[in-house]
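Contents: one structure, followed by commentary.
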Ligand code: DQA
């Protein structure tokens, strides 16, 4: 089983970026913990600040992998291109946000991606990525 995690703009700064909202851990610190929790799953990680690069990566893995976990950062609230991409793939995408976007500014309440995703997880910090894996596994067992 193969799962691709994709983080979008500014998420390369996790750990230093607004730690009161996004926590003190970088994704590079968290990833090995996640990989050791699921030794039978190949968990790959990609981050880009560029919308088209996120789409390129999703198209690259979306017909081969079992699921994509996508935190598209602010593109969540702006990108029809990412919604179209999610709809075009064979594998399911789970939308993740570290913060509870519904507790924050109004412009973060709308997601262009949610209608195209298998599910959405927000507000649980980095644990949301773990929950997304559990969600993909549960869906596969159905
Ligand atoms: C975020 C929430 C977005 O609104 C924001 O633009 C981000 C991070 C989150 O993980 O909570 O960059 O996706």
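Glycine residues also receive a Cβ, built from the backbone N, Cα and C atoms like all the rest.
Features as listed in TrEMBL:
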| type | residues | note |
| --- | --- | --- |
| SITE | 17 | site 'Transition state stabilizer' |
| ACT_SITE | 22 | active site, proton acceptor |
| BINDING | 71, 77, 84, 98, 99, 108 | substrate binding site |
| ACT_SITE | 97 | active site, proton donor |
| TRANSMEM | 112-138 | transmembrane segment |
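Annotated features taken from TrEMBL, shown on the structure.
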| residue | record | contacts (Cβ under 8 Å, 6+ apart) |
| --- | --- | --- |
| 17 | site 'Transition state stabilizer' | 10, 11 |
| 22 | active site, proton acceptor | 14, 98, 99, 125 |
| 71 | substrate binding site | 6, 7, 8, 11, 95, 96, 97, 98, 129 |
| 77 | substrate binding site | 107, 108, 110, 111, 112 |
| 84 | substrate binding site | none |
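Secondary structure from DSSP puts residue 97 (active site, proton donor) in a beta strand. Each of the recorded positions 97, 108 was scored by how many other Cβ atoms lie within 10 Å of its Cβ, and the smallest score goes to 108. For residue 98 (substrate binding site), the count of additional Cβ atoms within 10 Å of its Cβ stands at 23 [all protein chains shown]. Cβ-based neighbour count (10 Å, all protein chains) for residue 99 (substrate binding site) stands at 18.
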